[in-house]
Amino acid sequence: MVQLVSSTGTTTFPPIDVPINSTVPQLESLVHNLLNPDSDSDSDSDEDEVEKKKKKKKKRKVESTPYAFYLSPHVNPSGTNETPEDKELTTSLVDAIKSFNNAPPKEGSDSSSGPPIVSTERTLTVTFQPLAVYKVRPVTRCTDTMPGHTEAVLHVQYSPSGRHLASGGGDTTVRFWDTNTSLPKFTCQGHRNHVLTVSWSPCGTQFASGDKSGTLIIWDPKTGQSRWTYKAHSRWITGLSWEPMHRGASCERIATSSKDGLAKVFNVRLQRVEFTLSGHTDSVEAVKWGGEGLIYTASRDRTVKVWGAEG
């Protein structure tokens, strides 16, 4: 005998005789039938047609809801005062009963035989809980392919508006793409080595790229022309991070990190280095400009350092 109880305790059905080897799908079907019993309402000529449709819609919704089931124990394990947690039914009712009764005793508990934790001679309490339905559409096709790079694409980033995409590659080019048409907008040449990292300014009016030779280039996304080219580091650039817009609305400053063990802050309007962050003993692999005036750097020397953005 099984008594089905909702997880909220608001619905309790009378005990029902079910096979001990009942599976989760079978219990699910049972709950659907109990929550939405068949009635003769459809044959009632006095019932409004709209009400019939509402009931049919409600029935379909109930029948499409998946459930999880949990078996409650009858007694505590021998020699303990702890009540074991309900056990989820993953296959069948009998498997859940066996997993309860065959579980090894906990350390320090009396391992002598006692009454079974779950007895089939008593009514079994099974709690049912509705599960959220996630309809995940499978990836069946590629929406767009944008050819252009002649070597590996090493970094891509969407513009803040999402209307454009920029990419940097091993062919030393930076390319701007229109995401609405999936067509190239500009092919920008200026780097002499692999473009390893790219970054849009928060305002979307500037774009930065860093390459394997340590060169930093600031681009104008509207024209595809470079605004500033600077040999920023002696080794390759590993990361770029603009100052957040709420800290500087003009988006003038950008931080870079490099294999040379340094991080630097540049003012792209004045086209100069503002200050250098030196303290790491190995390659600086990442740099992030925080929202509270702090710059964070992570290095291969196994440290993360926090710096004041004002030097």
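Just so you know, glycine gets a Cβ as well, placed from its N, Cα and C.
Look at TrEMBL and you will find 1-72 tagged as domain 'NLE'.
Summarising the annotation, TrEMBL assigns region 'Disordered' to 34-88.
The annotation compositional bias 'Acidic residues' is assigned in TrEMBL to 39-49.
Under the heading repeat 'WD', TrEMBL lists 146-187 (among others). Within its own chain, the repeat 'WD' (146-187) has Cβ neighbours under 8 Å at 193-200, 202-204, 207, 209, 211, 217, 219, 221, 223-224, counting only residues six or more beyond its boundaries.
Among the features that TrEMBL reports, repeat 'WD' is placed at 188-229 (among others). Non-local neighbours of the repeat 'WD' (188-229) in the same chain are 151, 154-161, 164, 166-170, 172-176, 235-245, 249-251, 254, 256, 258, 260, 266, 268, 271; each lies 6+ residues outside the stretch with a CB under 8 Å from one of its CB atoms.
As annotated by TrEMBL, repeat 'WD' applies to 277-311 (among others). Model confidence over the repeat 'WD' (277-311) stands at 94, taken as the mean pLDDT rounded to a whole number.
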